[in-house]
Amino acid sequence: MTQLLKAKEGVITREMEVVAAEERKSPEEIRQKVALGEVVIPANVNHQNLHPKGIGAGLKVKVNANLGTSENRCFYEDELKKVKVAIKAGADAIMDLSTGGNLDEIRRAIIKESSVPVGTVPLYQAAAETLNKYGDISRLDPELLFDVIEKQAADGVDFMTVHVGVTREILKVLDRFPRVTEVVSRGGSLTIAWMEKNGRENPLYEQFDRLLAICRKYDVTLSLGDGLRPGSIADATDQLQIMELMKLGELVKYAQNQGVQVMVEGPGHVPINQIEMNVKLMKRLCANAPFYVLGPLVTDIAPGYDHITAAIGGAWAAYFGADFLCYVTPAEHLGLPTVEDVEEGVIALKIAAHAADLARGNREAWNRDYEMSVARKELNWERQFELAINPERARKMRIERGSQDIKSCSMCGELCAMKIMNERGGKNA
């Protein structure tokens, strides 16, 4: 029985109790939000070492880290290092997007290594296997896709992205609304290509009940993918994006009524002035289900720095109600991220999540900032390092800048404002 079905029956699960303790909420409040579909707890019954996380309304903003192999770069040990680094940096979830090598082996290793929820996009494995076998993705057999979904669920995958909103209905009008970057979602483009070449409906949409049955069996949370998300500022909030969102809104309630936990994915590339509208529209159309956003990136001109453009957009989106931020690394649009890129991406989006929690009135976030300010006033460096989002980097920079032997730092030295005011006897200026 899924977390959602148990919540609807009034049962408080161990996972709900863990989430309640972390969020400083009552278990009953968490149960109620899960029952309403406003909070999800991705927790596959087969993920043995999982520390459950709650995602959704009224909870702290969570951050996901994408990783995985590609056909060009396939080093298993690197991906496992990324898992460790991402979790250490504060990632609340991991997605394995591998497309190269032994996909079953790497996924199982990641699940075994990860104490946080693990997500996948099953279509990637089905497409990769089809391409390797036939050299033509259009020959993908829907039965293979569902076999992959069942296998991944049995392995312990906690949430799955499925692009069920990309349908033949939308395909009919696709070319009526031209875009600068067309379709940038891998899952969306694969689905469109398959439907066009086979003249058939998206199998995940056509057999949605079959998909739900698998999810219900293992308590896999569905993440309804945004296959038509805008891939450029010029395409943000266009007709295709909204058409897909409306379809996803229909499927949210249907899935929830079948006892399956569900969240909804969102854009993409969105200018700052459109972020509030995007979040509120999604929440309205999708019954306040948890909203999972990729950034969003607020400008297109920063390759090499897109963890920053994503953090800016993520802070805004989360402030207006987004619940789950997918990180973006400095390597976005350029190549597969390194271990160092993963750490940078997680920390950038953790800063965004914390900034949003702070603005949303989260007492724990406010207390942490307050304590940091007190430590700075007291020139208490050890306490500052403890409270820092990346203690190791803060400590290293202080040492490298020649500050470790002085009470203040090498920026101001004896002219340190804090030092001067402290020597004044604690009076307020």
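Every residue gets a Cβ built from N, Cα and C, even glycine.
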Per Swiss-Prot, member of His47, His51, His163 binding substrate alongside Asn66, Met95, Tyr124, Ser185, Arg186, Gly187, Asp226, Gly227, Leu228, Arg229, Glu265, Tyr292: His163
Maximum Cα-Cα separation in Å among residues Asn66, Met95, Tyr124, His163, Ser185, Arg186, Gly187, Asp226, Gly227, Leu228, Arg229, Glu265, Tyr292, which the record lists as binding substrate: 20
Candidate with sparsest Cβ neighbourhood (10 Å radius) among Arg229, His269, His333, the listed binding-site residues: His333
His333 (Zn(2+) binding site) versus Asn66 (substrate binding site) - Cα distance in angstrom: 14
Neighbourhood of Cys412 ([4Fe-4S] cluster binding site), C-beta criterion under 8 angstroms, separation at least six: Lys419
For the [4Fe-4S] cluster site built from Cys409, Cys412, Cys416, further residues of that chain with CB within 8 A of the site's CB center: Ser403, Ile406, Ser408, Ser410, Met411, Gly413, Leu415, Ala417, Met418, Lys419
When distances run from the Cα of Tyr292 (substrate binding site) to each of the binding-site residues His269, His333, Cys409, Cys416, the nearest one: His269
